[in-house]
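For reference, the structure is listed below as structure tokens.
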Amino acid sequence: MSTAGKVIRCKAAVLWKPGAPLTMEEIDVAPPKGKEVRVKMVAAGICGTDIKSLDNKKLAPFCPIIMGHEGTGIVESVGEGVSTVKTGDKVIILCLPQCGECNTCLNSKNNICKEVRLSGTHLTSEGNSRITCKGKTTYQYITTGTFSEYIVIKEISVAKVDEDALLEKACIIGCGFATGFGAAINSAKVSPGSTCAVFGLGGVGLSVIMGCKAAGAARIIAVDTNKDKFAKAKTVGATECIDPQDFEKPIQQVLFDMMNDGADFTFEVTGNPETVETALASCHKDHGVCVIVGSLASWIQLNINSHLFFSGRTLKGSVLGGWKTKEEIPKLVSDYTAKKFNLDPLITHTLTLDKVNEAIQLMKNGQCIRCVLLP
């Protein structure tokens, strides 16, 4: 029996106030309006950004809110004017939209669509939500809210993927994998035969290593204080792994010595502001490129010795790996389907949506790299 045009009652993981655990709630999901798509979720990945945001007091005005921003699903129905997807299509959710019309989208050098401005409202459109919980307007984290059985999302924030795509694994491509892999491929432009150092070995850091390997790097040194992550790092392509706590001298000096005046490319993936200067100092003094991949809070000020730039180092940022999302994320899914890379080492746990708090705790404790939730 078709549900198109009808309100769908289903379950979602809802945050009622920052710092509280998520609760499974019944929600009502209204039909999509113009340029909107209603998606039956198949899988959702938990990203470190989700976990950081759970305790962020700035999220309070947007509660109740459905968390999650990585996901895949099947189109249940579409609103008027939708042309890029249709009912029954397999899709991936895009936490960074691509409208295809703004100056940024039309510029080949940029990927941060101007419609990303809605992300801070946590609404799918200007001032509106298609979801309610206990009669209250319910927000969707970064306009997505993938920890739900159904969501309504703007057409520019969803992309069709191949019919044979394995949605239960491909869900992490929408943010975590794309962010790390693209930081190496697009943002740093790692070159064949180069040397790389990656600081932080979570899911995104491991994806950076995979990107460095795919680009042909000759030497990839993984850096983390948790040695339990080293085996996985080597599985995805690290040639060496080091723990800064094992050395008496600063880790940047260790890497400088190991790589003949520093690495060609370094990546900061911990989200720790102090590590940014360390990563910058670890890259080659003349031509080294350091990419900030880890998410830093907007109020954090970086304190970096200006002399590090004197001889030619470059420090740059990277958002979602530099991908034009609606165009290029589906291509990554196709590459995964074609076995050009393997996501299995990244997905260490798969749980049902009602176990979301257990999954979050596993990630907080460092026992899990990436967890996939199945509604």
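Placement of Cβ uses the backbone N, Cα and C atoms for every residue, glycine included.
Since the structure is predicted, the reported quantities are computational estimates derived from the model, not experimental observations.
Residues or ranges marked as Zn(2+) 1 binding site in Swiss-Prot (evidence: similarity to another entry): Cys47, His69, Cys175. DSSP assigns His69 (Zn(2+) 1 binding site) to coil, not to a helix or a strand.
Here Swiss-Prot flags Cys99, Cys102, Cys105, Cys113 as Zn(2+) 2 binding site, drawing on similarity to another entry. With a cut-off of 8 Å between CB atoms and residues at least 6 apart in sequence, the same chain places Cys105, Cys113, Lys114, Glu115, Ile156 near Cys99 (Zn(2+) 2 binding site), listed in sequence order. According to DSSP, Cys99 (Zn(2+) 2 binding site) is assigned to coil rather than to any helix or strand.
Counted within 10 Å of its Cβ, the other Cβ atoms near Ser295 (NAD(+) binding site) come to 17, all protein chains included. Annotation comment: Swiss-Prot describes Gly200, Leu201, Gly202, Gly203, Val204, Gly205, Asp224, Lys229, Val293, Gly294, Ser295, Arg370 as NAD(+) binding site.
Taking Cα separation as the measure, Gly202 (NAD(+) binding site) is nearest to Cys47 of the binding-site residues Cys47, His69, Cys102. Same-chain residues with CB within 8 A of the center of the Cys99, Cys102, Cys105, Cys113 CB atoms, the Zn(2+) 2 site residues themselves not counted, are Pro97, Gln98, Gly100, Glu101, Asn103, Thr104, Leu106, Lys114, Glu115, Ile156.
The binding-site residues recorded for this entry are Gly200, Val204, Asp224, Ser295, and the Cα of Val204 lies nearest to that of Cys47 (Zn(2+) 1 binding site). Counting every protein chain shown, 22 other Cβ atoms lie within 10 Å of the Cβ of Cys105 (Zn(2+) 2 binding site). Within 10 Å of the Cα of Cys102 (Zn(2+) 2 binding site), not one of the binding-site residues from the list His69, Cys175, Val204, Asp224, Val293, Ser295 places its own Cα.
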